[in-house]
Amino acid sequence: MSTPSDIAKKYNPYRLPDNVKPVHYDLTIKTDLENLTFDGVATIDLKVAKDTTEIVFNAGEELALHDVTVRSTALKTEQVQSAKIVDKSNERAIVELSNALPAESSAQLKVSFTSKLTGSMLGYYYSTYKSEGKEIPYALTQFEPTFARRAFPCWDEPAIKATFDVTLLSRSNTVNLSNMPAISETPYAHKPNTATGGVVDTLSSLFHNLKVEVGLKTENVVHNNVQGEWKVTKFDTTPIMSTYLVAFANGPFEHIESSYTSPLSGKVRPLRVYATPDIIHQTQWGLDVKARVLPEYEKVFNIEFPLPKLDTLVAHDFDAGAMENWGLITGRTSAYLLDPKNADIRAKKRIASVQTHEVAHQWFGNIVTMAWWDNLWLNEGFATLMGEMIILNKLVLIQPDWNLYPEFGIEHLADALSLDSRRTSHPIEVPIEDANLINQIFDSLSYSKAGSVLRMLSAYAGEEAFLKGVSIYLKKHLYGNSVTTDLWDGIAEATGLDIRSLMNNWILKIGYPVLTVTETPEGITVRQDRFLSDGSPTLEENATIWQVPLAVLSADASGKASLNRTALLTERETSLKLDTSKPFKLNGGNVGVYRVLYSSERVDKIAQEAGKESSIFSLDDRMGLLSDGLALAQASLAKTSALLTVVDRLRNEKEQLVWKAVIDALGEVNSLFWLDGTIKENLRELRRSLFAPLVPTVGFTYPSDESVDAAELRTLVITQAALTGDPNVIKELQGRFETYMTSGSLADIPPDLIRITFRTAVKHGGRREWEKMKSIYLDPPTPTLQLAAIAAMCHTQDAKLIEETLKFTESVRTQDVVYFWSALRMNHGARSELAEYTMSNWDGIYKRFEKGFSQLSRIVAFAFDKLSASGDADKIEAFFKGKDTSAFSMSLAQTLELIKVNAKWRTNSLEDVEQWLVQWKKGSKL
């Protein structure tokens, strides 16, 4: 019998051997929601590539494997075997055969298995909802990246594709769902095995004798199978697909339905959203978006959606935001539910972008799948760019003033540049094998940086040609697997550009450049160096030369904006002829994935020009100026006071997205000095001076016919005025909250002001307000109100209530803990307490999340990443020394580096910021 060491010596420790390959799975799963167990049979058709006496496959350690048989068509035999999970760390099992399977033959592996439904939110798990005071369970799957093996024995790697027949046995009063449409559903009646080989007959026979442990008692499952209580749902055969995209669910679901007509074939496909009865009324917006985006994708890629239907299932407990299972998208309530009576713009945008992102995956990831997880970015980068910008922007349903192109910059480019400025970052395409590390690369580099790099390429090559190249790439690899160069070749074919040379370093190398601009009598010289958040790359770290689209924005002879997208920096340094007496700026449109460093005099000139109503600098450029100013200040390549000057120059700004960039920049500076009372108070006065004067202009009323941009500006202004202590705004919001407390009606609180109203009430109130938020969290009318309640609870200034909030997180839904952590870290009064609580309760936290997907990484980051005092990093590093950090090693390293960078930034800029604020308060010219 092979041991784990035997397997490790024979085979790659992280990849399955290639001696056999599955071509078809016949899966039958019985779900028992009363006892929270599931049982099943996997009959797997195999193609034998090499003579072998071993079949190695993936199986989670939670699966108990039974009754293993191997049939060989060449040997004309059936071998009854046992399967042992011999490598628990990599979840691999082995079947050892007495007679070798010959190469180029076919075989069939049949394995029965049993397991428990857990609340892990991975594999096949259960969630619950409340009905008449009772918790009602239902079950669903989450298999990406490596969790299908927890639900059934399989070859759980993206390149090992097969077709699937799924049959679900369940209680008759529940609904069964899977990737494909149901082709039959019949009552289940136990009968003896008829030896026909049919899966249901086999399972019937198996269940007749199978004993399953439920708690401490053992019972014969079939004794409960009274005729009529159970049913069998059989689903159509899937296309060839990866295991991580398989999905099934069972529960008391209801649905709403729509359809779309394919613009390519004229076929009408049904579209549904499933949810439990308590929330189904909030699913219409997500369904509407899905119906609108599907034909847009078909037209852009010239590839029809290949499945007969596309469902969405909304779950109360979900680890990620959403999951693109082929034909059965799944996701959490906050990603899909919108109360039509209290729809705020923030939630509306989020749901639209999540739904469109997941639909993008039906092509990127599902039809064409990355060969291995090192190419995850091919899935996520494309879904981010297409789903959250290009396709979403095409919808008539979406109002034009959503400003999705510039918003992409502030939502994704900024996140990408922030993380990728650290030494502990990683390339977009990262060599990776270990499953623990695979989980950790589902980060802003695989999503936001990848999407931003593709956006930069699209702008350089032209969006139309770029999308044509993407279509070529997809068509060449339909139902197959791909790697990065396959994409480059498709775009090269469409554009005629050398895309491999242009893009390789952006994908294969860590980091990105900062372009230093030096003015000369003839124009400018531009030099590229790697940008690091501590501002000091070594010679080795500075070895990469990127091909950088410069996007030179300047004023022409008539004073109008002129954008040159053809200029490309391909070496360390180059010179450009330019009239520097007129306004100019690199990275016009703020599409480039890099920073630009100018002289302080030039920054001031750009800021002055940007503040004019007739400026050549678009809102994208103004946002980029602020983002660069913040990053360069953090790296000590520019003064933080220079950033504050730019902010002050923009105080007459009209665009809410630029104001959002102002808030992000000032928020980071304010957070840096959270322990420095005088500076913090002066920064608060600066922020209040920017926003409080705008409140009378924007008012508190949201007219039904106003633009989205105007509504978002009002929300932003009132929120910032309240956060910076404007007494009139605080009084107004408190009054509206008091009306809500006494009447129970939210009529006086506009949906877009609910979050800041709740937060203001708790921050300036006491236990009464905090308890109200707690009650909303425990019984939320909508996800929006629940998230608002979480944020409010976490911003109490009462030390006792902060302690109670932290204690309360021990009993909340596991998926919600990161929401609490994220909000608590933004409360200066709770920041130290959160860090101390995390360390003091680490054993319990680790046990709760150790088998999860990515929650530990986020918990570690949110617990510590806002600390900025000297010695904080050393203390945290010492705490984790000797502990198992393998599941969050990347996040921990990145967090420690950020703390050190911010501590250095704080020390270097304290006097500079202090003096600037003193001068500002005096009203001096800055």
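Each Cβ is built from the backbone N, Cα and C atoms, and glycine gets one as well.
Per TrEMBL, the feature active site, proton acceptor maps to E358. As annotated by TrEMBL, Zn(2+) binding site applies to H357, H361, E380. According to TrEMBL, the feature domain 'Aminopeptidase N-like N-terminal' maps to 21-190. Annotation comment: TrEMBL describes 285-506 as domain 'Peptidase M1 membrane alanine aminopeptidase'. TrEMBL lists 584-900 with the feature domain 'ERAP1-like C-terminal'. Annotation source TrEMBL lists site 'Transition state stabilizer' at Y447.
Each residue contributes its Cα atom, and for H357 (Zn(2+) binding site) and Y447 (site 'Transition state stabilizer') those atoms are 11 Å apart. Within 10 Å of the C-beta of E358 (active site, proton acceptor) we count 27 further C-beta atoms, all protein chains included. Listed in chain order, the extra residues whose Cβ falls within 8 Å of the Cβ center of the Zn(2+) site residues H357, H361, E380 are E324, E358, A360, F364, G365, N379, F382, A383, T384, G387, Y447.
Under 8 Å, Cβ to Cβ, and six or more positions away along its own chain, H361 (Zn(2+) binding site) finds E324, N379, A383. Non-local contacts of E380 (Zn(2+) binding site) by the CB criterion (under 8 A, 6+ apart in sequence, same chain) comprise F442, S446, Y447, A450, G451. Per-residue pLDDT, averaged along the domain 'Aminopeptidase N-like N-terminal' (21-190), amounts to 94 for this model.
Around the Cβ of Y447 (site 'Transition state stabilizer'), the number of neighbouring Cβ atoms within 10 Å comes to 25.
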